[in-house]
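J.: Below is one structure. I have some questions about it.
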Amino acid sequence: MREALDGKPDEPIRVGVLGARGRMGAEVCRAVDGTDDLDLVAAVDEGDELSAVADAGARVVVDFTTPDAVMDNLRWCVDQGIHAVVGTTGFTGQRLDQVRDWLSDRPGVGVVIAPNFGIGAVLMMQFAARAARFFESVEIIEQHHPRKLDAPSGTATYTARAIARARAEAGLGPAPDATKDEVPGARGAEIDGVRVHAVRAAGLVAHQEVLFGTTGETLTIRHDSYDRVSFMPGVLLAVRSVVRRPGLTVGLDALLDDG
Ligand SMILES: NC(=O)c1ccc[n+]([C@@H]2O[C@H](COP(=O)([O-])OP(=O)(O)OC[C@H]3O[C@@H](n4cnc5c(N)ncnc54)[C@H](O)[C@@H]3O)[C@@H](O)[C@H]2O)c1
Ligand SMILES: O=C(O)C1=N[C@H](C(=O)O)CCC1
């Protein structure tokens, strides 16, 4: 137990994990167990009762489930007044607005939703947004393990939107491209005007390249997660931060800037 500034010991934060038997959920359980300021009090997976989390007195829930399950879980957490850290993907603008709406009735509750908890991945996205205005061409290539359910990845979608915003602010038009798709999909998907290519292969974990081009030069910004432990410092930072961060926080950027 750590000591607060007033000399009294801080109570550990009681944490419940949803998706606890999954690849990420299991890693989060291990990471929380390995700290002395967080207590793992509930580990819930499909088929278990969510009420176990409230019964155990969890103050923060960490959700790594599926895009189909996450909204119901989040609604339940907000209704219960439990803070939430969400790594599950599938968050459209509409979904984020829905969460903001729920939170408006629960002013003390915090929710952090991040498409990628890897510190290197957060920096990769920031660097890409910074580079965006200097290059006429940009394409994103995301690469993941073949058991991933969604494409493109949440990280690629988030990156594409940030790049598109930066390009629009700089007054850049569409990237030059005279190619006609001979086979539908050959040029990838398009998110806010940015081409995104999703690769799935055994042996991969989570990887992304952002390729920029302009006259006579290219710039490649790349991040690789080789192991899911890479996400844990970001998840633990979010768990510790969310209790003093009411409302919705999207992405880890603000949390890293806090300290
Ligand atoms: N934000 C990040 O840094 C990050 C990193 C890795 C994965 N992800 C995302 O996290 C999610 C999970 O990824 P994964 O690789 O761990 O998947 P996974 O399939 O290994 O795990 C998901 C788990 O959720 C469980 N589940 C499904 N519905 C549930 C429900 N209603 N309540 C409780 N548990 C439920 C499943 O049984 C499974 O055990 C995906 O959306 C993935 O894209 C995000
Ligand atoms: O393994 C996954 O699934 C991952 N999903 C996230 C995404 O969609 O961006 C982050 C990286 C791992």
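Note that Cβ sites are derived from N, Cα and C of the backbone, with glycine treated the same way.
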J.: Can you tell which of GLU46, GLU49, GLU139 TrEMBL lists as binding NAD(+) with GLY19, ALA20, ARG21, GLY22, ARG23, MET24, GLY87, THR88, THR89, ALA114, PRO115, ASN116, PHE117?
T.: GLU46
J.: Determine the binding-site residues, out of GLY19, ARG21, ARG23, GLU46, lying near ligand 2 in the sense that the CB is under 6 Å from one of its atoms, and give them in sequence order.
T.: none
J.: Anything within 10 Å of THR88 (NAD(+) binding site)? Look among the recorded positions HIS144, HIS145, LYS148, THR155, comparing CA atoms, and list what you find.
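T.: Matched recorded positions: none.
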J.: Which binding-site residues, if any, among ARG21, ARG23, GLU46, THR155 have a Cβ under 6 Å from ligand 1, given in order along the chain?
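T.: Close enough to ligand 1 are ARG21, ARG23, GLU46.
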J.: When secondary structure is assigned with DSSP, how many helix, strand and coil residues does the domain 'Dihydrodipicolinate reductase N-terminal' (13-117) contain?
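T.: Helix, strand and coil residues of the domain 'Dihydrodipicolinate reductase N-terminal' (13-117) number 39 helix, 25 strand, 41 coil.
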J.: Just to be sure I understand the packing, how many Cβ atoms besides its own are within 10 Å of the Cβ of ARG23 (NAD(+) binding site)?
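T.: The answer is 13 other Cβ atoms.
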J.: Any same-chain residues 6+ apart from GLY19 (NAD(+) binding site) with CB under 8 Å of its CB? Would you list them in sequence order, or say none?
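T.: Counting only residues 6 or more apart in sequence, the Cβ neighbours of GLY19 (NAD(+) binding site) under 8 Å are GLY25, VAL44, ASP45, ASP63, PHE64, THR65, THR66, ALA69, THR88.
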